[in-house]
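A.B. asks: For reference, the structure I am asking about is given below.
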Amino acid sequence: MERLCSSWAPVRTLPYAMVDKRFLRWVLGLFGTGIQSYFTFLRFLLMLNLLTVLLTAGFVLLPLVWLRPPDPGPALNLTLQCPGDPQPVTADPSFHSRLWNVLTGRAFNNTYLFYGAYRAGPEGSSAYSIRLAYLLSPLACLLLCFCGTLRRMVKGLPQKLFLGQDYRSPLSAKVFSSWDFCIRGREAATIKQHEISNEFKLAQQQTRTQRACHLLSYLRVNFLIGLLVVGAISAIFWATKYSQDYKEETLFVLLQYLPPGVIALVNFLGPLLFVFLVQLESYPPNTEVNLILVWCVVLKLASLGMFSFSLGQTMLCLGRNKTSCESHGYNACDYQCWENSVAEELYKLSIFNFLLTVAFAFLVSLPRRMLVERFSGRFWTWLGREEFLVPTNVLDIVAGQTVIWMGLFYCPLLPLLHSVFIFLTFYIKKYTLLRNSRASLRRFRASSSTFFFQLVLILGLLLATVPLGYVVSSIHSSRGCGLFTNYSAPWQVVPELVALRLPPPGQQALHYLGSQAFSFPLLILLSLVLTVCVSQSQANARAIQGLRKQLVWQVQEKWHLVEDLSRLLPELGLGDSPGPQSPHSPSSRPRSFCPGFPCPGSPGTRSPKALRSPRPSPSHADPACRFRFPSSAEL
């Protein structure tokens, strides 16, 4: 195990060597842990993508090049009765057309970037199955990304979830413990009385009617925001459908980038409208920020989910009846290699997100900073530099990473392209932060920020896994390209290989693992493990409470030692002034436990007059300063 961990050490440290560690330490000191956690999050995503590329190259590309399977021949020419077949368009070899082919992804249809270029001979011709490796590599990458993200999320849990006691103080606690007994002045006492009175009035104002009104306003705001989200995802659906239905028109390039443009516009205008609606209700700052973040996450993930569903409805005829769909399981008239078409759409979405990041940094943030520095006035002072918002930038990165995970099956080398984009994005955001932006007025702690980032990333991972699992298990593969042309679904290669490669005992073992006779003991075992984990968590909580009580007892023991010593010193004639009062007396008991700091009323606390006065005489010295342990001769 140690050798395995040491062999992966260069892979883990590669992303960290590609970025500047000194910059991260400088960001920590100047902007706080929240912005530093954003750049650390970029490094983590870079590591995940490089690990995905290494797995794909090691299990698919290198064996494919080394084995050199026999060419299965040209793609099948399907004869379909398709109404209104378009005439073939002659390719224009101009630079303009080549550039647009690169931007739209059509230039990579016959490369290993897309699914259609991967071919293999029949199973049994070689000892290594390229089809099984191609099928299991995306699933293994998703599993590793899930485990790494979950581990990082658990490490980034806020400490208050374990050690804190987040509860509201009852009214009785306010009645009996609100007064500050260290107050001596009449004016300060009057101010404290008014403060306590205002707290009681505020507590009494929370009647049932006001709580109902507050709940209704909360539901009203969420209902309006929900309507906006539904309208946004509907616009994405119709934009994707229109782009696919009219893809052969003269405005082909504009229509090809219509869905990414609508998604970007929705994700830009949506948070602005959310902020406007939430601020109308005058919520507390924490409630306002949390509500906006939740709806921004919903909008980001719902837009990608609707984009996937619209592609599935157009290419795979989900909920539609067509002649080609009934016989082939997909729209074979318009998409003879529908995997490549999906890969093109995800490729365009990834390219558009990166180009939008570059354009926003150098065409919006940079001119805004130059205009603010050049001109002076009320408007330019109000405008100011762009505020570097950590949650917004994180959501953009998570959306891009979700697109990459959605395309692992259709374009296996897309993580390599995205690794380059993340690397460039790191330095673009670095330039934007240092030159064009100002830090946000609201600070984020590293623990809460890391937990939020990883939680959103896991949601994006689940969003990418669900459609991929459905396609692999239920959707018919294209008959004209790819590795699974002769299979009803890609997952059918697994039972075929089990029947061909495994001996009868191994097949029986696999059948037993998939039967109900194994699932029932497994369920019981998982229940026992869950019970042990819950019991261990409860035991840890009890241990924490015991340590707290032990700490309080140690403080009380020290108070008793000081009390005994204060009674002992006058009896020995070592001081004229009495020692400190008992900790049980009201004047000497501290108001709160302050570890590491002198508490009010504790021995050794000096008043401001004593601090301003010159060296006191021995008779007026602080009794705590006169304590010393008697020697054995004196005893």
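Heads up, the Cβ atoms here are built off N, Cα and C, so glycines get one too.
Keep in mind that TrEMBL annotations are predicted by a computer and have not been checked by a curator.
When I checked TrEMBL for this same protein, it listed these features:
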type: TRANSMEM; residues: 23-41; note: transmembrane segment
type: TRANSMEM; residues: 48-67; note: transmembrane segment
type: TRANSMEM; residues: 132-150; note: transmembrane segment
type: TRANSMEM; residues: 218-238; note: transmembrane segment
type: TRANSMEM; residues: 258-278; note: transmembrane segment
type: TRANSMEM; residues: 290-311; note: transmembrane segment
type: DOMAIN; residues: 337-447; note: domain 'TMC'
type: TRANSMEM; residues: 413-429; note: transmembrane segment
type: TRANSMEM; residues: 450-470; note: transmembrane segment
type: TRANSMEM; residues: 509-534; note: transmembrane segment
type: REGION; residues: 572-635; note: region 'Disordered'
type: COMPBIAS; residues: 577-596; note: compositional bias 'Low complexity'
A.B. asks: Give the one range among 23-41, 132-150, 413-429 whose Cβ atoms make the most pairs under 8 Å with those of the transmembrane segment (48-67).
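C.D. replies: Stretch with the highest Cβ contact count: 132-150.
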A.B. asks: Would you kindly check 132-150, 290-311, 413-429, 509-534 and say which stretch has the most C-beta pairs under 8 angstroms to the transmembrane segment (450-470)?
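C.D. replies: By Cβ pairs under 8 Å, 132-150 leads among 132-150, 290-311, 413-429, 509-534.
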A.B. asks: When you look at the transmembrane segment (258-278) alongside the transmembrane segment (290-311), do they share 3+ Cβ pairs under 8 Å, ignoring any pair fewer than 6 residues apart in sequence?
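C.D. replies: By the criterion, they touch.
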A.B. asks: Counting only residues 6 or more past its boundaries, what in the same chain has a CB within less than 8 Å of a CB in the transmembrane segment (413-429)?
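C.D. replies: Beyond its ends, the transmembrane segment (413-429) has Cβ neighbours at 18-19, 38-39, 42-43, 45-46, 49-50, 52-53, 56, 112-113, 343, 346-347, 350, 353-354, 357-358, 361, 393, 397, 400-401, 404, 407.
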A.B. asks: In the domain 'TMC' (337-447), how many residues does DSSP put in helix, strand and coil?
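C.D. replies: Result for the domain 'TMC' (337-447), in helix, strand, coil order: 85 helix, 6 strand, 20 coil.
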A.B. asks: Same chain only, please: residues at least 6 beyond the ends of the transmembrane segment (509-534) with a C-beta under 8 Å from a C-beta of the stretch. Say none if there are none.
C.D. replies: 498, 502
